[in-house]
Amino acid sequence: MSGKRVVVGLSGGVDSSVTAWLLKQQGYEVIGLFMKNWEDDDDSEYCSTRQDWLDVASVADVIGVDVEAVNFAAEYKDRVFADFLREYSAGRTPNPDVLCNAEIKFKAFLDHAMSLGANTIATGHYARVRQAANGKFELLKAFDHTKDQSYFLHRLNQAQLSRTLFPLGEIPKTRVREIAAEIGLPNAKKKDSTGICFIGERPFRDFLNRYLPTQPGPMKTPEGKVVGEHIGLAFYTLGQRKGIGLGGSRDGSGDAWYVARKDMASNTLYVVQGHDHPWLLTSELNAADLSWVAGEPPAAGATMAAKTRYRQSDAPCRVVAAEGDALKLSFAEPQWAVTPGQSAVLYDGDVCLGGGIIQ
């Protein structure tokens, strides 16, 4: 029976719950695993761990599966959160969900699942895995492109993908909700989580301020005119419009203000007016810390598509260079607010090839 034993990551949400139910219907021996990956005061206004665990227990009872809780808080702190703080301190805007998937959900969690005698794991991610004719495992977009999460999974390798199931990859999100209601899941109408991976719905600036000091400095236009003061470069990201503190018209223009650049050396935040200001547009990018799903980079000169942020439409591009740990892309059309620290992820149609961290 162990050949059909699968450990499902249960978060308390509807996606992972339906994932467990679908696999049980397919004849798998399903074990549920609830991960606690953040240590905080359970009485915190924003801490949902206790309620999530109660939801998991209720779902497991309805589906008829065993469930256990495991604490990966130490691993998360060392492998994900430390990098998160380093990146923000350096003025970049990291995407912790990408690293969390590679290091926690598909490494620490996978290792624990194997210790339980399982051959595979499953999560409620919207993505697909298939084995190509050459034997390599491919990561593909979900059929429901509006919910596709392959962007967050692009750092998964062959060993991880070969032991992973994504049952929701071929199901529209609307149908997932319908299934949850039809089988009587208590969390069928629970809203989707939108906070940082495992940190929840806390106000982000308040959360970051607990770990990084504020270092106020000048806010300038490209011409060097001081138009305000920022609270610290770590608290802003390229393309940001809200929370800058520059409302109304300036210099006769009614256009909104956007964060355009950060100068760490002078602790200066540069802002511009207008969504399509030249400082917000770029036709090339460089990326490092590369990871390729098949273990090999794309060939220089290859044409494909890239995403530089989640939910962005695929942008046609050309691989200028991909050697060692350096990737350079050239886009057919200028890209808006390409942000250092975020991931540039390459696609060949629906196939996610991998990517790296924008420099």
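Cβ coordinates are placed from backbone N, Cα and C, and glycine is handled just like the others.
Since we're looking at a predicted model, the values are computed, not measured.
Site annotation (Swiss-Prot, ligand ATP) includes GLY9, LEU10, SER11, GLY12, GLY13, VAL14, ASP15, SER16, GLY124; from MET35, MET219, the additional listed residue is MET35. Between the alpha carbons (Cα) of GLY13 (ATP binding site) and HIS125 (site 'Interaction with tRNA') lies a span of roughly 11 Å. For GLY9 (ATP binding site), the nearest of the recorded positions CYS100, HIS125, GLN342 in terms of C-alpha separation is HIS125. Nearest in space to ASP15 (ATP binding site), taking C-alpha to C-alpha distance over the recorded positions CYS100, HIS125, GLN342, is HIS125. Calculated from their C-alpha atoms, the gap between GLN342 (site 'Interaction with tRNA') and SER11 (ATP binding site) amounts to 25 Å. Taking the Cα atom of each, CYS100 (active site, nucleophile) and SER11 (ATP binding site) are about 14 angstrom apart.
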